[in-house]
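Per TrEMBL, the feature region 'Disordered' maps to 198-226. What TrEMBL lists as transmembrane segment is 20-40, 52-73, 85-106, 118-138, 150-183, 234-254, 289-311, 317-339, 351-371, 391-411.
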Amino acid sequence: MPLSRRPRPTLPALARASAWLGLTGFGGGLSVLGTMHDLLVERRRWLTEREFTVTATVSQMLPGGAAANALAYTGLRFHGPAGAIAAYAAFIAPGAIVVTLLAALYVRLGVTPTAAPLLAGLNAAVVGIVASITLQMLRAGVQRAWQMGVAAATLLFSLGAAASAGEMAALGIGAGLVLDLGVKRMRLLRFQRRARRPSPPVALPDEGTPLPPPVREGEDEAPADPAGPPRLPALALLSAPALGALGAMALLFLRAGLGAYGGGFAIIPHLQASVLAEHWIGPRQFADAVAIGKLTPGPVLLMATFIGYLVHGIAGAAVATAAVFAGPLALVLAVGAWLARVRSRRPVRAALRGLTPAVVGLMAAAALALGRSLEGRVELAIAAASLLTLARFRVNPVLVMALGGGIRLALSLAGL
């Protein structure tokens, strides 16, 4: 469709669409991208297929929720930073409100005999869901021996050395640059010396047509590309003791959000270790926070809202929510258009091949970390059944969680 005839969303219309996606976006992340495509491309025609492909790719290359990042990038395209912030906030708000209400109920009902079995079943189902997502990512993105090694190293360092998600992401990117791009360049140089003739350019494995930059004509012009790589928020460099109770919480969740590559599940081991080290909540409460974050609409990172409420009430929920999403939003604003433009360059592609297995390793560590909180054979059986069901059938994870919680509650009421 010509640019002059394409509808351009107003800022309120974009915010309303984002809020609707946030309200109906159970499962979060990649599961919401399909709904976004139907709404933004097929029905509203705000984006073309090519533009949506660019948007989806950029959203998955940055930390944070893929759906939230994609909406922020869309808002950036049409209305600049104001559009990105409006779309991002509108998408997160419905889930944040629901999680806050559930946290308030949890404070009252979390220790009752009725609520405990229900949450135990939800936690068990979450373990199976995370394991299923990990297997899917393993099959799709880890195909080479060195990538298997990166995934295994990430798993071991995350569990054994409590390494952060950001550190493991850096490890994966470095491995990709050295093992994928560097080794190929060395082989090319050796071949050139032996053959003593010019060698054809190195052809990286086919990854499809390089993604074009966002359209920049007329009213659809995207914001100007940044001159260079993004700069992390200065708050991430401050020390926690100087910030006070809420400031320390903000700093912790800001760092967690910046390390959330692959979505919220990837930061679970590091976030769990950090939260427990502060003695804010116990292991079981943390597992309940993850279950609530997955059960409610919106990104699983909303588990930060739940934890913040348990520690400091409404103020804690607001601070934790703002902090955990501030970093990813800042990166979308800084590198959205720039990253789309350099996506097809060989160093960037090599770095992404290393980042993918690192995310897989972090996901596996998350599944094991959550599995440690399971108590009893019933919970283990629910986790295993959830994994097998999702691996074999195309079932909504929310339904699996609801069944897990319901089955455990029914067994508890029956005296089992």
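Start at 1 and count along the chain as shown; that gives each residue its number.
Using the three backbone atoms N, Cα and C, a Cβ is placed for every residue, glycine included.
Note: TrEMBL annotation is automatic and uncurated.
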| Outside the transmembrane segment (391-411), six or more residues from its ends: residues with CB under 8 Å to it | 26-27, 31, 114, 117-122, 124-126, 128-129, 132, 135, 291, 294-295, 378-379, 382, 385
| query | Considering only Cβ pairs under 8 Å, which range in 52-73, 85-106, 150-183, 289-311 makes the most contacts with the transmembrane segment (351-371)? | reply | 150-183
| Looking at the transmembrane segment (289-311) and the transmembrane segment (317-339), are there 3+ C-beta pairs under 8 A, with each pair at least 6 apart in sequence? | yes
| task | Taking the transmembrane segment (85-106) as the first stretch and the transmembrane segment (52-73) as the second, find out whether 3 or more Cβ pairs fall under 8 Å, excluding pairs closer than 6 in sequence. | result | yes
